[in-house]
């Protein structure tokens, strides 16, 4: 694996690079494990290294979506606006369990606490809706990137927020119209979006959002959308 100098990067974020992500093939079958660092190096991504990930879309009871701006300390896509929480299940027994994506949901609960400070007792795994999976690949810069099969999780609940500033620069609940304005600002270069959020916003998000009370027709655990 390539040697990359990380001495100029945020110390806490560098420590997280040692976490073990779940390596998969393009059909989301587990084939091994590797560090978060190796999974996010473009040099390895170009050779086909692919890992499992998730994106949480958290709505309050007014049906507003929680958006976050990633902190400037983040190694991939710093300062970009994105959905409520995005991360990876780890290669451990609890987060590898695949039945009804329970392992991914456990990872999401862990990261909702780590990033947004949401108390563990406020997140019930049974309240998370696993909708579908999305495959994508994107470069953050010349060194780092993403290559993931992304599990889409919806959660509608009022929660307590206490974000970690090392993870999150800013956050807000937004309406559909406000998201459309954010997409326009991103298109004009005023702000930056993560590539996965832009892909989802351009394709499925508003259709799903219109049907928060009846998501079952949109559940598809067989197909991986390759966007």
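Placement of Cβ uses the backbone N, Cα and C atoms for every residue, glycine included.
For the substrate site, Swiss-Prot records 70, 74, 87, and the single candidate of 30, 36, 37 listed with them is 36. The Cα of residue 148 (active site) lies closest to that of 40, out of the binding-site residues 36, 40, 70.
With respect to Cβ neighbours within 10 Å, the recorded positions 36, 40, 51, 148, 176 differ, and 176 shows the lowest count. Over the domain 'Nudix hydrolase' (49-199) the predicted model carries a mean pLDDT of 97. In this structure, the C-alpha atom of residue 146 (Mg(2+) binding site) lies 15 angstrom from that of residue 70 (substrate binding site). For the recorded Mg(2+) site, residues 40, 51, 146, 148 set the reference point as the centre of their Cβ atoms, and the other residues of that chain within 8 Å of it by Cβ are 21, 39, 45, 50, 53, 88, 145, 147. Residue 176 (N6-acetyllysine) has its Cα within 10 Å of the Cα of none of the recorded positions 36, 70, 74, 86, 87.
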